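Straight from TrEMBL, the features:
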REGION    151-173  region 'Disordered'
COMPBIAS  153-173  compositional bias 'Low complexity'
REGION    218-241  region 'Disordered'
DOMAIN    419-512  domain 'SecDF P1 head subdomain'
DOMAIN    521-684  domain 'Protein export membrane protein SecD/SecF C-terminal'
TRANSMEM  536-555  transmembrane segment
TRANSMEM  560-580  transmembrane segment
TRANSMEM  586-610  transmembrane segment
TRANSMEM  631-653  transmembrane segment
TRANSMEM  659-679  transmembrane segment
TRANSMEM  718-741  transmembrane segment
DOMAIN    987-1173  domain 'Protein export membrane protein SecD/SecF C-terminal'
TRANSMEM  1006-1023  transmembrane segment
TRANSMEM  1035-1055  transmembrane segment
TRANSMEM  1075-1094  transmembrane segment
TRANSMEM  1123-1141  transmembrane segment
TRANSMEM  1147-1173  transmembrane segment
Amino acid sequence: MSQNYSGRISLILFVLLAALVAIFWPSLANPSGVAFNGNVPLSQKLNLKPGIDIVGGTSLLYEIKVPEGGSPSPTLAEDVTKALKKRVDPNGVLNLIWRPQNPNKLEIQMPLSGASSENARRTKALEDAGAQLEATNVRISEAMVWVERGGEPAASATTAPATAPTTAPSAAPRSIAKLDELSKGSSARRQILLDLAAAYDAIRQADAAIAAARQVSREHTEKTGEPATAEMLAAASKAREDREAADRKFNSLQDDLTATNRSLAELSRLVSLKSDAQRKERLAAIKTADAAYAQRIAALDAYVSAADAIAKAGGGLESATDLKRLLRGSGLLEFHILPDLSAQELTDAQHPGGYQDWVVQLQKFGPRGAPGDNYRWFEVDNPEEFKGGGRMVPYDGRQWVLASVRSTDSLDRESGDWKLVDARPEVDPQSGGRAVRFGFDRLGGQLFGTLTSRHVNKAMAIMLDGRLISAPNINSAITGGTGTITGGGKGGFAPKELEYLVSMLSAGSLPAQLDDEPIFERTVGPQLGEDNLRSGLIACSLGLVIVAIFLVSYYYLAGLVAFIGVLMNLVILLGAMAAINATFTLPGIAAIILTVGGAVDSNVLIFERLREEQHRGLPIRMALRNAYDRAFSAILDSNMTTLITSFFLIMFGTEEVKGFGITLIIGIVASLFTSLYVSRTIFGVLIDKFGVKKLGSLPLSIPKWDEMLRPNIRWTKLVPPFAIFSVVFIVAGCILFGVYAGRGQVMDIEFAGGTAVTFETTEAKDQSTVRGWMADQEKKNPLGLPAPQVVRVGTDGRTWEVTTASTDAIKVREAVLSAVGNNLKADLPSKFLGLGQSIEKVPFASRTWTEAASQPTTPIVIPITPDNLLERSKTVWPGGAIPEQARQYVGGAAIVLRQLDPPIKASEIASRINRQKLQVHTGGSNMTVTSDFTVVGVGGSDQPVREAILLTSEQNVDARKDEAKWRANLVSPLWELAQVAVSSPPQLQQVKNVNASVAGDTKKDATIALIASLVFIMAYIWVRFGNLKYGTATVFALIHDVLFCFAALGFAHLLSGNALGEALQLQPFRINLTLIAAILTIMGYSMLDTIVVFDRIREIRGKYGHVSATVINDAVNQTLSRTLLTAGTTIISVAIMYFIGGEGIHGFTFVLFVGILAGTYSSIAIASPILLVGSKAEDAPAKARGTATVTT
């Protein structure tokens, strides 16, 4: 009878469409910008969140310090997480993942944003756009050389016409070619330069007139003895007035010339504006102002586009060191008094006009002040919520407020080690309005009381990380350590204002502190992540192809239907992961392979039942119904046991293991839906709508093959040899396991504690060579690298892992780097003299180079003045040679990097500084560097050098005019940047660090997970089969499988160095949580074959009334085909993952492979015979036994 399938088909299509929408949501939400944009990588077109083992990144696990004598609150980890997120990444742009682990642990993950090649492409695009922008600027010092000295010599036919009168002293000829070069194609800038030259000539003329007037007066006095006449004095006065006017004109034109430049700092601030409207308005204003610079407009568009690409990808931090430094350095809360804008105190030598001069300084030079300034400009974090609107001054699309930084007007970190310990909303008892209550620790309360007592009725700025978040008025002295901030309007703060202020104050008052160093650290380099992903996807795709070939070639049309179900299973699995924002990890890829295997297993159980029903001559509709009904219990039971183990994986596993468990659970649900609902619907449509009368298969087409699948083997007679094999293999393997464990070579650092470093060498090395490096380093540095163990990763001889018991990751990293040296395939850090020293107070290098270099720890900086570029001053330069490029940086500085160890190329130094400079601009750091620079190697050639010179200058900073500003705004930022860029440790492929307490917790969790899984599986089997003997047999089989895996690990250690081990890709695998996850997975998956046999035993038992050898033999024989087929498809898929799936899951898939083999074997050799224990029934006679058949 034909059925209506519209409802079933609608549900299937709805689920499929929902999954596809979830997967491709980024592309659907922005088709033009994402889906059809060739510059957007596929990873960004899909809504799948990769883990750090795929894209690379860092995972840090911190322990939260609980006050002595106290205990952590139930919400401590969540509270600390909220506060740290506001501190470290308030705008959510750093792509950090926060995972509180109650009661007192916090994991912070920093995945790299996309593949390393994509990061490099985006970085290079921004660097190139920045270079193009800077190329449109004119170097003021270079322009002044042209104005004052004429630039390069030129023939008279190509010189600019002189505008000065012929009475002026003749200036050097000004080259038209140099003028064109300085103009950069802008007629406006060209005219400014010509006007500047004319103004300079006017100054020279005025100087000549002044000198002439003085000469006339002097000669008159000498000749007549009389003072100068009125006419002479008038002429001299006129000459001085002309000189002053020319000076004003010259300075004004210099400002105009400076205004034609566009700094990267300004553009960096522009692209990071929070408000899209402000951003567009500011960008439009810049384009309007720069309309005459066609090259700049194109470069500007490229820069904005590249910066947007980086911002969209997230990130800004590149290493674990950066992340740890950020966690230690954020959340700086300060209080500063706001000055009376009309007060005399704002007037000083640099600001004779008071507040207005400070405003002019902001507009002209930006918010950076000079050392010794008593006031500073601070950015307003949220201008819409700031009540002191009259104090805000706009600059570069942001709002700024001037505040005092004098010690008597401030409560900052210079004041002492104080803390804000509380910030919460409350109702103001006087007005009844919404207010904020805050409290300090003891020292903070004393200091705050002193500050507020001095400044009653003044406004006080509250700063968080240098940004102003509020500026309440001090109504009275607050001396009790607690205070209240009230809103000015009726009802106090608006709800939004109140939430904002409490949130920001809370960010400055952590409920508890993190430990200084993480208790667990893992860093995966981007290249290793890419290799892992590529290998995993290749293995997954190949496994899928093999499954398709098997299903279609063995089951024909039914196999095609099953493969369609498998594909839909994958779509649903990926869609569900995307919908719940689950992390897609490398073990998750293995879980997908297992899910495919599980889906195939379900279909095999159904199809083998279908073959039996068709053997009985039933029509296709009834045969199909019986096949689904009778296979259902086995499918459900086997998936339930896997669900049990997956639950414990999620409960006790690391992030990667949890990702594996989540993927398994989703895959199981999807597999049940596709195999029991989707495929059955398709079969119904084929039968009712297309008239299918029979579903063939290879056994039905080849009778001999069908007979082979129904053997008549007395399996119970083989129990003794099976038992001997198991005992010998397990005992021998476990002895080996124990021997290697005694040597400390079995437990990974997750269980033993310590540090593991993975690195790649420039060329293939043998193991004895690498071990020799580490042994030599151990002798030199026994505390930094105690008892190192070296394991080759992969087969190419380039990738190695060094494991040591030391938990000091920094010392281990340094020791390994020192041992490997130039053999490391990475950018080696280079140390140099003066590293870590401040450059603020370094004297000018007006001494000879020999004198300056005699100070071994002092950084050397040379001001690039005209005098220091003269031949007589060459002794102040390294090697007594003035770099030719230095003449382009007049007014700037030369910073010398001395005794670079190891030597490094000048071009490499420049590249590292540029990368770090980019990270600073996009990562929100305060170490902003806006200056242009060039790196010159002492010696001139681009070979590794031991001394290099950083030449730098900035348009608004000149050593000759303002030394303090020159040091603070030009020299110091670049020196700090160079130190980080050149001396930072390289990014190794992987670094894992686990301290002893975490290792102990991990052991405990793994033990609990294993025991709990055994207990719950036994209980489930007991309930499902109604007899404790079934549960007991299951546990014995599971224990056998687990011991079999440990024994196999022992043999892997034994064979890992010889030819057989090489051929089998065996390694000395170490026990970690990923391998425990594999064992737990085996405990679930090995149950499939056992449950299939037990299910058939339960059916056959009705014929004999009890479990006997006959029942067991018949059950095993009748289910042997599906046992081999289900295990075979999964084993093949896992074997592919083992051999080509990459190093990230090599040990994991080894245990899976061995475990599935052991589980298949134990279902026949261990579990089933145990059911005979205690049975008094005799076996049926051989003649009567035969091969039992089951009827409906």
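A Cβ is built for glycine as well, from the same backbone N, Cα and C atoms used for every other residue.
Annotations in TrEMBL come from automatic prediction, not curation.
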Checklist outcome for this item: What DSSP reports for the domain 'SecDF P1 head subdomain' (419-512) is 26 helix, 32 strand, 36 coil
Item to check | Segment proximity, the transmembrane segment (659-679) to the transmembrane segment (1147-1173), 3 or more C-beta pairs under 8 Å | outcome: no
Checklist entry - Residues of the same chain, at least six outside the transmembrane segment (659-679), with any C-beta under 8 angstroms of its C-beta? => result 8, 12, 15, 51, 561-562, 564-566, 568-569, 572-573, 576-577, 582-585, 587-588, 590-592, 594-595, 598-599, 602-603, 606, 628, 632, 635-636, 639, 642-643, 646-650, 653, 1077, 1081
Checklist outcome for this item: What DSSP reports for the region 'Disordered' (218-241) is 19 helix, 0 strand, 5 coil
Item to check | Among 560-580, 1035-1055, 1075-1094, stretch most in contact with the transmembrane segment (631-653) (C-beta, under 8 angstroms) | outcome: 1075-1094
Checklist entry - Mean pLDDT, the domain 'SecDF P1 head subdomain' (419-512)? => result 79
Checklist entry - Near the transmembrane segment (1035-1055), which residues from the same chain, at least 6 beyond its ends, have a CB less than 8 A from one of its CBs? => result 726, 729-740, 745-746, 1010, 1014, 1017-1018, 1061, 1064, 1066-1069, 1071, 1075, 1078-1079, 1082-1083, 1086-1087, 1090, 1150-1151, 1154-1155, 1158-1159, 1162-1163, 1166-1167, 1170
Item to check | Outside the transmembrane segment (718-741), six or more residues from its ends: residues with CB under 8 Å to it | outcome: 747, 1040, 1043-1044, 1046-1051, 1053-1054, 1068, 1161, 1164-1166, 1169
Item to check | Non-local residues, at least 6 beyond the ends, that sit with Cβ under 8 Å of the region 'Disordered' (218-241) | outcome: 206, 209-210, 212
